[in-house]
Ligand SMILES: *[C@@H]1O[C@H](CO)[C@@H](O)[C@H](O)[C@H]1NC(C)=O
Ligand SMILES: *[C@@H]1O[C@H](CO)[C@@H](O)[C@H](O)[C@H]1NC(C)=O
Ligand SMILES: *[C@@H]1O[C@H](CO)[C@@H](O)[C@H](O)[C@H]1NC(C)=O
């Protein structure tokens, strides 16, 4: 009581602030605290605004149909990725697992079945056919995501990301092109497979894959995304050694991954940042970042033209529309096929120059 009264007296006895050393210190701390609060508030506001901006409320999509586009029916139940072989045969994964979205997912997604479809670009007017998977393959535990194919003279090896019920896996299959079937070979699991999105084969027995985040639980993943924690990564898996190794340790939702036709470059997309990062593959399979291409749209999977080396990106143009689409598949979301034009490396300088964007959009 006496102490309190004493303090009250001291305060009331020193009328103007900042006269004694004591109150100068107090002033300094108050000022310092206010500056800290101000900076934090500005940073939080900036973060919230950047998240709102990335949802694309300010964007408008216009239809461009430069080539002859056609809707291929029969693959509209969660098709995620496509790989086109040199002879024009395309393998398409279908039945993506959206259950991590919980109640935010359109319930009809629960009826989807994991399948791999075949489309022949040499017969563009034909429809898809389902590729049967033969061997001791568990069809009921197949929720495919990214796909990649390694082509050799005698063997065509297919790698498919599978979100199994209890763990992530990459299924290895062999494509029989004569009778159009897949033979299941084996499954690869690795402690480094946390939330696998896409895979790119660099040999019949080795590949890179992306983990698009760290948490698998809906709310934790939401926080991870919202706070933009770079907890995704890129892993190289060596089939001979039988284990993976981290080659890009931090990434904000690394998603699609693909390689240049000569295998020198590896491309990784990040829809949340709106970029494609170009890496140079080193002799030990480490990835050396060379360039970040800013796209102002959200690139998902990357297709590389095997002759020209051009990239074609499947993009979610307007973020909030994509989110609404996941909740109700009857809600359309603008999508974009996008090809940034690359110049080949100039002289000795190890860079790929980004010249211009050709916005070749095919909205259907
Ligand atoms: C492809 O499927 C559509 C819709 O199911 C059908 O109308 C069309 O005739 C089919 N085309 C061929 C070449 O079978
Ligand atoms: C295709 O050929 C392979 C190897 O000859 C055989 O094992 C498989 O049963 C065939 N698939 C179909 C669908 O006939
Ligand atoms: C999706 O939207 C349509 C049209 O607005 C509506 O009829 C349907 O019930 C909705 N579906 C779900 C799962 O909410």
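Backbone N, Cα and C atoms are what each Cβ position is placed from, and that goes for glycine too.
A quick note: this is a predicted structure, and the numbers were derived from the prediction, not measured.
Positions annotated as active site, proton acceptor by TrEMBL: 145. Residues annotated as Ca(2+) binding site in TrEMBL: 80, 81, 147, 197, 198, 255, 300, 301. According to TrEMBL, the transmembrane segment annotation covers 35-55.
Within 10 Å (C-alpha to C-alpha) of the residue listed as 'active site, proton acceptor' lie the following binding-site residues from 80, 255, 300: 80. Other Cβ atoms within 10 Å of the Cβ of residue 301 (Ca(2+) binding site), summed over all protein chains shown, number 23. Cβ atoms under 8 Å from those of the transmembrane segment (35-55) belong to residues 226-228, 272, 274, 298, 318-320, 323 of the same chain, restricted to positions at least 6 beyond its ends. Apart from 80, 81, 147, 197, 198, 255, 300, 301, the residues listed for Ca(2+), the same chain places the Cβ atoms of 145, 146, 161, 256 within 8 Å of the centroid of those Cβ atoms.
Look at residue 147 (Ca(2+) binding site): DSSP puts it in a strand.
The Cβ of residue 81 (Ca(2+) binding site) lies under 8 Å from the Cβ of 92, 93, 144, 145, 146, 147, 198, 256, 301, each on the same chain and at least six residues away in sequence. Checking the binding-site residues 80, 147, 255 against ligand 3, none has a C-beta less than 6 Å from an atom of that molecule. Ranked by Cβ neighbours within 10 A across all protein chains shown, the binding-site residues 80, 198, 300 are led by 198. The number of other Cβ atoms within 10 Å of the Cβ belonging to the residue listed as 'active site, proton acceptor', over all protein chains shown, comes to 26. Residue 300 (Ca(2+) binding site) carries a strand DSSP state (E or B).
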